[in-house]
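Visitor: Starting off with a structure, shown below.
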Amino acid sequence: MLPVTADLLLRNVASPTGRRADIAVTGGVVRHVGAAVRADETIDCSRFTCLPGAVDMHVHMRGGVQADKEDWRSGTVSAVAGGVTLVVDQPNTVPPITTPDRLRARIREAGEQAVCGFAINAGVLPDADLTGMWKAGAMAFGETFAAPSSYGEGLDLESLRALFARIHTLGGLATVHAEEVCGTAPETLAEHDRARPGEGEARAVGRVGELAPVGMRLHFCHLSTAASVRAARGSVEVTPHHLFLSYEDFDPDNTLARVNPPLRDEATRRALWSCWDAIDVIASDHAPHTLAEKSVPFRSAPSGIPGIETMVPLLMAAVYRGRISLLSVIEKTSWRPSEILGLPRAGFEPGDRADYALYPDELTRIDASRLHTKCGWSPFEGSEAVFPEEVIVGGVRVYAHGDLLEARPRFCPGKGYLLQ
Ligand code: DOR
Ligand code: ZN
């Protein structure tokens, strides 16, 4: 007699330590590892590398009046097609998320359209109702704009200090976009880099760290240089575009590669890789704009690039090429972000969240026409990548071989939600 019946059995899963085991899942959670069970559905994982689903803690899902760029449906299909099973949306929507009502409306919009797990951050502005949004289920605060960017005004240092004090009192996590802006209307990618220089970013990161109350939970978004990583007093996030692209890869006035913080030169990009071990989180900063919006002179083009679907595939190609370890990718795309946000982790032990992506052995190349984002382009066109063949969210197979099979939206509230 077999001892248990599971919803799903993953057979022959190789953990990052190399141990092979069967994983039995019930109710979206790992129940047994290595035990013989009967299951409603079985997936043989022996020809795959099985990763815990990625948590992309920095995405701009757009939607609302910006649904022509992206919406929750297209953005989260793009997520699962890239092995991401939980997304954390940033509050610089139009209008921004600054009140509990707007946050609740955003949760409703996501709940109706998303196909995977989602969380929503609260906007950080002096007149925002931080406490109300924390109680309404905000996951974290920010990205807080310590410098202006698309759909976000920069805050002065005194406002930031006061807002940090309020966030610290709530026990919240403050996430910060730190830069120095010293030039406007750049005509080229190199000028854009000089207008928002790497040295200025490192200085801004240092200043922001000093403003934070001792013991506050602080997270630095999308750091683009080794000096910024060293200056950070808090957790460190880096994007795939700053790791894999430099502005030297593009024509000088290519607007598609315009992003904040800017792409750097090749030497700076390489130096960022030397900090790999010090990086806590890789997040995409998925910031889609339409080709029409990008098809204007460089000086007036919006900043931001899509990247949720290509993030883990690019990293997996680096694993297959022997540049980084599989374990480091799992830590930076799944386990550390879960820990920083206070979410149960996805993984291979009893009690873990049953979110996985199954990667084949073969490397392919990125073809933007096959991606699922609405914006329809990628700055990583032609780069080596490994895309997942199957993706499991909450113990349910939601995606296989390019097709969405089922939607599993799940709202993940922050810690303040329990206070209601
Ligand atoms: O390039 C960027 N685009 N950087 C940001 O911080 C915001 C983002 C957006 O929302 O478009
Ligand atoms: Zn940002």
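Every residue, even glycine, has its Cβ placed from backbone N, Cα and C.
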Visitor: Name the residue, out of Asn92, Asn254, that TrEMBL lists for the same substrate site as His60, Met61, Arg62, His289, please.
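Guide: My reading of TrEMBL gives Asn92 as the candidate in that site.
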Visitor: Per TrEMBL, which one of Glu143, Glu201, Glu210, Glu362 shares the Zn(2+) 1 site with His58, His60, Asp285?
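Guide: The record-listed residue among the candidates is Glu143.
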Visitor: Quick check on the annotation: TrEMBL has Glu143, His177 binding Zn(2+) 2, so which of His192, His222, His241 does it put in that site too?
Guide: His222
Visitor: Around the recorded Zn(2+) 2 site, report the further residues of that chain (criterion: Cβ within 8 Å of the mean position of the Cβ atoms of Glu143, His177, His222; site residues excluded), sequence-ordered.
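Guide: For the Zn(2+) 2 site the neighbour list reads His58, Gln90, Gly142, Phe145, Ser149, Thr175, Val176, Ala178, Phe220, Cys221, Glu237, Asp285.
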Visitor: Once near-sequence residues are set aside, which residues in the chain of Asn92 (substrate binding site), 6 or more away, have Cβ atoms under 8 Å from its Cβ?
Guide: His60, Gly123, Glu143, Phe145, Ser149, Ser150, Tyr151, Gly152
Visitor: Tell me which of the binding-site residues His58, His177, His222 ends up closest to His289 (substrate binding site) in space, Cα to Cα.
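Guide: Nearest in space to His289 (substrate binding site), counting only the binding-site residues, is His58.
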Visitor: Taking the Cα atoms as reference points, how far is Met61 (substrate binding site) from Asp285 (Zn(2+) 1 binding site) in Å?
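Guide: It is 10 Å, counting Cα to Cα.
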Visitor: Which of the binding-site residues His58, His60, Met61, Arg62, His177, His222 have a Cβ less than 6 Å from any atom of ligand 1?
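Guide: Checked binding-site residues vs ligand 1; flagged His60, His177.
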Visitor: List, in sequence order, the residues of the same chain other than His60, Met61, Arg62, Asn92, His289 whose Cβ lies within 8 Å of the centroid of the Cβ atoms of the recorded substrate site.
Guide: Val59, Gly63, Gln66, Lys69, Glu70, Gln90, Thr93, Ser150, Tyr151, His286, Ala287, Pro288, Gly304
